[in-house]
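Peer 1: One structure follows; several queries about it will come next.
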Amino acid sequence: MGDTIKELLNPTVLSALLMGFAFSMVLGPIFIPMLHKLKFGQNIRKDGPQSHLKKSGTPTMGGLIFFISVTVTMLIIGYKPTDEGMVVLYSLIAFGIIGFLDDILKIIHRDNLGLRAYQKMILLLLFSIALAYYGYTNIGTDIIIPFMNSKLNLGIFYIPLVVVYYAATTNAVNLTDGIDGLASSVTVIVLTFFAIVGFKTGHYQVGVFSIALAGALLGFLRYNAFPAKIFMGDTGSLALGGAIATIALILKMPLFIIIVGGIYVVETLSVIIQVTSFKTTGKRVFKMAPIHHHFEQCGWSEVKLVTVFSIITLILCIIGFIAL
């Protein structure tokens, strides 16, 4: 543990954290008025919480802020194109591009219909297969089983399972981004967990990237926390999902997403349960889904929701360390 703490206090690590944070803090006041001027505002669904309707027109695509911040940070640090940290950056960019296209089309059409489902699925499949192949040839097909102190070799099933894993993780983070600051706050904690594990297991570059992205998200939170001046949009949420999935894949810890990313999992399950129940019985289990909207309908404020979900994520990450 002492060596891990030393790594966290390493000048490169501290520089990555501070640069990511500083770049986001600087870019926020540049992007917010620019997106306002371009009329790149969020269209709010009328079937969502009524309290959210007043947020219509809030600048979206704010994911570009931490997207650019972490990219510049990694380039300044000077990693080679084939380094592990850069592979995570490529995944951030790849899935961020899908989100960017989705956001742009929503803005152009002035509704919440961006990329068609099949278009998004094709792009997700292309990038997921590429990253699954990278994992198959460079990382190995074994993954760590939580609490078991052992590994499971997926063999020929590795690539198809990893493709499903990417689709699930990116969409789960996307669903979590439904109230001001929620996805950002939860993901900062998850990234910190993976950074510590990265340093502890010798994946230094993955640790540095995780810290840089956590710093960039903290800077972004200055503008994304309630009341949000900007939303990350699909540009940000899909990028974060792709990056987290790749970080866990390199560390051979995809199964740990279920634990430390428990909030992502619950958000996704709430939607699946709600849709299944309504289609089969005509009744809803929750007042609204994803589940953060259910709690909003129960009277919880956005600040309370973010605080409680963040504390839960912190506890889940502690459990994640126990599961190693």
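The backbone N, Cα and C atoms fix where each Cβ goes, glycine too.
Feature list, courtesy of Swiss-Prot:
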TRANSMEM  13-33  transmembrane segment
TRANSMEM  59-79  transmembrane segment
TRANSMEM  85-105  transmembrane segment
TRANSMEM  121-141  transmembrane segment
TRANSMEM  143-163  transmembrane segment
TRANSMEM  179-199  transmembrane segment
TRANSMEM  201-221  transmembrane segment
TRANSMEM  243-263  transmembrane segment
TRANSMEM  303-323  transmembrane segment
Peer 1: Against which stretches of its own chain does the transmembrane segment (59-79) lie, if we need a Cβ under 8 Å and a gap of at least six residues from its ends?
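Peer 2: Cβ under 8 Å, 6 or more out: 12, 15-16, 19-20, 23-24, 27-28, 31-32, 35-36, 40-42, 85-86, 89, 92-93, 96, 99-100, 103-104, 106-107, 205, 208-209, 212-213, 215-217, 219-220, 223-224, 229-237, 239-240.
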Peer 1: What else in the chain is close to the transmembrane segment (143-163), if you only count residues 6 or more beyond its ends and a Cβ gap under 8 Å?
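Peer 2: For the transmembrane segment (143-163), the far contacts come to 125, 128-129, 131-133, 135-136, 249, 251-256, 258-259, 320, 322-324.
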Peer 1: Is it true that the transmembrane segment (121-141) and the transmembrane segment (179-199) have 3 or more Cβ pairs under 8 Å, skipping pairs fewer than 6 apart in sequence?
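Peer 2: The answer is no, given that the two segments have fewer than 3 Cβ pairs within the 8 Å cut-off.
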Peer 1: At least three Cβ pairs under 8 Å linking the transmembrane segment (85-105) and the transmembrane segment (303-323), pairs spaced 6 or more in sequence?
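Peer 2: Touching, no - the transmembrane segment (85-105) and the transmembrane segment (303-323) miss the threshold of 3 or more Cβ pairs under 8 Å.
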Peer 1: State the non-local partners of the transmembrane segment (201-221) in its own chain: residues 6+ outside its ends, Cβ under 8 Å from one of its Cβ atoms.
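Peer 2: For the transmembrane segment (201-221), the list is 7-8, 12-13, 16-25, 28, 62, 65-66, 69-70, 73-74, 77, 79, 83-86, 88-89, 92, 181, 184-185, 187-188, 191-192, 194-195, 232, 236, 240, 243, 247, 250-251.
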